[in-house]
Amino acid sequence: MFTHVFKYRLKCLLRDKVVLFWTILFPIVLSTLFFTAFSNLNNAVSFTSAKVAVVDNEAYRNNKPFQEALVSVSEKRDEQEPLLSVELVSSDEAETLLEQGKVHGIILLDPDIKLVVKQSGMHQSIIKSFLDQYRQISASYGTVILRNFDIPANGDTLTRFPADDYLTELPLGKNKTDNTVTYYYALLAMASLYGAFWGLRVIGEVQADQSANGARINLAPVHKMKTLLAGILAAWIIQFVELSLLLLYMILVLKVPFGNQAGYILLTCLVGALAGLTLGTLVSGLVKRNLGLKIGVLIGLSMLMSGLAGLYFAPFKYIVIKAVPMLAYINPANLITDALYALYYYDTYHRFALNIALLLAFSAVFLLLTYLTVRRDRYASIPSIQEDN
Amino acid sequence: MVIKVENLVKRYGDLIAVDHLSLEVQQGEIFGLLGPNGSGKTTLINCILALLKYDKGNISIFGKPMRPDAYDIKRDIGVIMQNVAVFNELTVYENIDYFCGLYVKDKAERKRLVEEAIEFVGLNDFRSFYPKKLSGGLLRRLNIACGIAHKPKLIILDEPTVAVDPQSRNNILEGIVRLNKQGATIVYTSHYMEEVEQICTRIMIIDKGRIIATGTKEELKSMINIGEIVSVGSVELNQTQLETIRRLPNASQVEYENHNLTVTFAKGRSNLLNLMDLLRKENVDYGSVYSQLPTLNDVFLEFTGKQLRD
């Protein structure tokens, strides 16, 4: 009997084009839009070196520390663009290059260091910052020497220009930091919560006061819970497969980094699917009759939870964690994103396990509450089959 | 006895939907529940089927108390609800197979029963159709097939012909009679008195949750004091002639409007002949004349003071 009901529940759900659209096609479309938006964003902010013409005169040739400081910021390091791209030219050539817009500024040592620019902008600011910093360090060393500190007074010291003393971003764990992944994780969480629409349907079809089909099923010699469990199992499998497909699309087509722990990622999808599904069964069990209201509540909840998990603005996730940590722990969407985040960035599984355990606990609570709301055998009224009489 | 309801009371707040109602349905009969919309028919059926909570009373089916978990009883009941209850994502065949499978475990037997049900309702050419592709009448037939495929001993049909074309309606009514002849006991609710008169062997008329009358259609009609209603069309009458008609034996009510005369006679012999003789004596010409025996609507009208379709 269970197999019979399960088979037909699976068929019904798989042929429900509306719910299929929202649970698989919509997240795929949204992830593609994210991909397009992030690609443009990355291109827009990609860094290029500031081009600078340095006048090759007597003062320059005599200022060895400055020459070496220039070299230190114009060398390519770790595949990253250098701060400055330097051309050593005569005074006239420098002016011509600036006029033609081929350089952003001219550095002239006369003997003080001067910067000539034609307009203001990011590159001009970079050159100015470099020169300001050089002047500041030169002055500091001058003071040290005047006060007879035990530091060699040769110019070599200045060659250690702090280009490599800037803050360097280091990954906490095994993978490099990528801020955009939070959006994709939140999207996967949203897709998980959209499994609630399956839950809504599953409940509607076993409750006599919610649908005519529910009434007919209640009249059959089958325990309602058996029918309900068959429906939940079918919906869970479909939702898990959908999430896996979405995950594959993100990894293989959009090249979103998810790490290399496929088993744990799939486990997150499996548990996330259950959390979303059971959230739907609970809302469907609690909100009586009005299908529109149920859908509205579910969309609102999933949007709110996904939003708090960083779907619309990634830093929001961290703001919530910092300001209202409890909210982060009771938000299934956040738990899903956090589980994926922990898998990607951390070497240990403590945080991942905590998230999965909390998701399972919430699913169990949702399921228990669903059972309590739908377990009754007789109804007070049955509007679904009692319109006129 | 198939169904026994004793002193049933069902309230929705202050409204009494079923008011101390008792009934018995015997094996092999087609029991009609007739009443206007809102009279409590569906509520009564849902209480009998243990879908609805009720405030008072006892209900037993096949001699056993009916409860939501009385699966042995449910196995022998088929229900056709007023609203079509099928899955839009399943074909005609799959829908019948699914619902039949809730009653019959054996696959081979189920296959045979599903085929028989499809044949019975005449949906052979539509077995791979999805419900949305079916007309209203065909959809009702599918609804019936889903309810009867498992060959129940008791079939309850709640307004199965609502919004159905005349051809499909006849098809459905004939089918119900055939099911009864095959051995099923039928409970049929409707607010269409013609249908109930046509197929039911015993009828209960209810209004506002109370029993108005119970019996065969002949017994019900015998409860009222109407013998026949004679209508004469295209007739020209003066006031004196109308007075003479009113004085005819058994004439209880005379209406004359737009050249149409309607005379209601109490039970008695030769009512029609007496009227015809009078019109001939008065040299009154008329276009048409027909006599109508009392209907269930007349029964309802006499007991409640209102029409069944009010």
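In case you wondered, yes, glycine gets a Cβ from its N, Cα and C as well.
Features of the protein shown, as given by TrEMBL:
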type     : residues  : note
DOMAIN   : A:17-372  : domain 'ABC-2 type transporter transmembrane'
TRANSMEM : A:20-41   : transmembrane segment
TRANSMEM : A:182-200 : transmembrane segment
TRANSMEM : A:228-252 : transmembrane segment
TRANSMEM : A:264-287 : transmembrane segment
TRANSMEM : A:293-314 : transmembrane segment
TRANSMEM : A:326-346 : transmembrane segment
TRANSMEM : A:352-374 : transmembrane segment
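Nonlocal intrachain contacts for the transmembrane segment (A:352-374), taken as residues 6+ away from its ends with a CB within less than 8 angstroms of a stretch CB, comprise 203, 206-207, 224-225, 228, 232, 264, 267-268, 271-272, 274-275, 278-279, 281-282, 285-286, 329-330, 332, 335-336, 338-339, 342-343, 346. Relative to the transmembrane segment (A:264-287), the listed stretch A:228-252 leads the set A:20-41, A:228-252, A:293-314 in CB pairs under 8 A.
Annotation: stretch A:182-200 has the most Cβ pairs under 8 Å to the transmembrane segment (A:228-252), among A:20-41, A:182-200, A:293-314.
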